[in-house]
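Q: So Swiss-Prot says this about it:
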DOMAIN    24-352  domain 'Enoyl reductase (ER)'
BINDING   Cys51, Asp54, Glu74  Zn(2+) 1 binding site
BINDING   Ser53, Leu193, Gly195, Leu196, Ser215, Thr216, Ser217, Lys220, Lys221, Val278, Ala280, Thr302, Arg349  NADP(+) binding site
BINDING   Cys104, Cys107, Cys110, Cys118  Zn(2+) 2 binding site
Amino acid sequence: MAGKSPEEQHPVKAYGWAARDSSGILSPFKFSRRATGDHDVRVKILYAGVCHSDLQSARNEMGCFTYPLVPGFETVGIATEVGSKVTKMKVGDKVAVGIMVGSCGKCDDCVNDRECYCPEVITSYGRIDHDGTPTYGGFSNETVANEKFVFRFPEKLPMAAGAPLLNAGVSVYSPMRFYGLDKPGMHLGVVGLGGLGHLAVKFAKAFGVKVTVISTSSIKKGEAINDLGADAFLVSTDAKQMQAGSGTLDGILDTVPVVHPIEPLLGLLKNHTKLVLVGATMGSFELPILPLGVGRKSVASTVGGSTTEAQEMLDFAAEHNITANVEIIPMDYINTAMERIEKNDVRYRFVIDVGNTLTPPES
């Protein structure tokens, strides 16, 4: 690519919605995608999930992004072109792109199928790709990525309700598998019942795990038990309920994306077990050491999942009919959707109908 102009490197005209500054407000945006390389898959985007991370990123709350920024970590569509050396898929296949579009391929994490922990991981938006240009996410008409980071989307899964699996799904599936919280008969606590939390309940039940949902309010009790199949519900602000649940859980998956007290949660764990934080937040938690030490309990965290885990998760979801509960929205509703996400006013995930509602900018 050396010596080539940006237009030569990225000859394919594309469009989407982008944030231009830390207000996070999105508006129509024209840009370009690279030509399809030998190992690339070009994707016509039909649906894109919207997550709390998109809101944080659009506002650059993590302090690591540049503008303009096209969000979208949960992308589903149709393969429209494949490179000459692509072996996993063909034109016309249903495919998906998740959190990553690249990594170094050489570090310990990459060679051991843990690309999401590569120090040079390239996320689907807001990062610099191997050719030195910015990556743009799924709030757009099309994308192109190396086949390693493009997944076969099972025919059995509905595309709209399946889109959130690409981030929210793998973000709960991966820690359950890695930390052994997927064993039938185990008792798992799920903190928070949002985009990640409701999928955590669904995956856990499919694994044969007993699930207790933990929330700050009783409002979601009916949804948790009657709609999602949870076995029990605890209100974390109710001291009597928390005391009754003391020492009953084999593990906790905490999906809340903001800072909150974790000491009360540690009391729910059996000795020698884990609290796993998966809610993306830039804040710092107060970690009480004594409650950990006396029960040899531990606190861990994960981010996303590997490419192998993502494909495995999609196939498992198809086998067990696991999809997200979604509200499908048009592209021009995205700023209202972001406001509602901030207010926790969604059950449980917004998905943009990109294929039918995204139109090219007028100028």
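Here, residue 1 is simply the first one shown, and the rest follow in order.
Just so it is clear, glycine is given a Cβ too, placed from its N, Cα and C backbone atoms.
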Q: Specify the count of other C-beta atoms within 10 Å of the C-beta of Ala280 (NADP(+) binding site).
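A: Result for Ala280 (NADP(+) binding site): 21 neighbouring Cβ atoms inside 10 Å.
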Q: Counting across all protein chains shown, how many other Cβ atoms sit within 10 Å of the Cβ of Asp54 (Zn(2+) 1 binding site)?
A: 30
Q: For Ser215 (NADP(+) binding site), what residues in its own chain, 6 or more apart in sequence, show a Cβ-Cβ distance under 8 Å?
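A: Counting only residues 6 or more apart in sequence, the Cβ neighbours of Ser215 (NADP(+) binding site) under 8 Å are Val191, Gly192, Leu193, Lys221, Ala224, Phe233, Leu234, Val235, Ser236.
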Q: Round to the nearest Å and give the CA-to-CA distance linking Ala280 (NADP(+) binding site) with Cys107 (Zn(2+) 2 binding site).
A: 24
Q: If one measures from the C-alpha of Ser217 (NADP(+) binding site) to the C-alpha of Cys104 (Zn(2+) 2 binding site), what distance in angstrom results, rounded to a whole number?
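A: With the alpha carbons as reference points, the distance is 44 Å.
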Q: Helix, strand or coil for Glu74 (Zn(2+) 1 binding site)? Use DSSP.
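A: In three-state terms, Glu74 (Zn(2+) 1 binding site) counts as strand.
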Q: Between Cys104 (Zn(2+) 2 binding site) and Gly195 (NADP(+) binding site), what C-alpha distance do you get in Å?
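A: Here the two Cα atoms are 30 Å apart.
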Q: Neighbourhood of the Zn(2+) 1 site (Cys51, Asp54, Glu74): other residues with Cβ within 8 Å of the Cβ centroid, in order?
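A: Close Cβ neighbours, site residues excluded: Ala48, Gly49, Val50, His52, Ser53, Pro71, Gly72, Phe73, Pro164, Asn167, Ala168.
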Q: Out of the binding-site residues listed (Cys107, Cys110, Cys118, Gly195), which are within 10 Å of Cys51 (Zn(2+) 1 binding site), Cα to Cα?
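A: Within 10 Å Cα-Cα: Gly195.
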Q: Relative to the mean position of the Cβ atoms of Cys104, Cys107, Cys110, Cys118, the recorded Zn(2+) 2 site, which additional same-chain residues have Cβ within 8 Å?
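A: Filtered neighbour residues, in order: Ser103, Gly105, Lys106, Asp108, Asp109, Val111, Glu115, Pro119, Glu120, Val121.
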Q: How would DSSP class Lys221 (NADP(+) binding site) in three states?
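A: In three-state terms, Lys221 (NADP(+) binding site) counts as helix.
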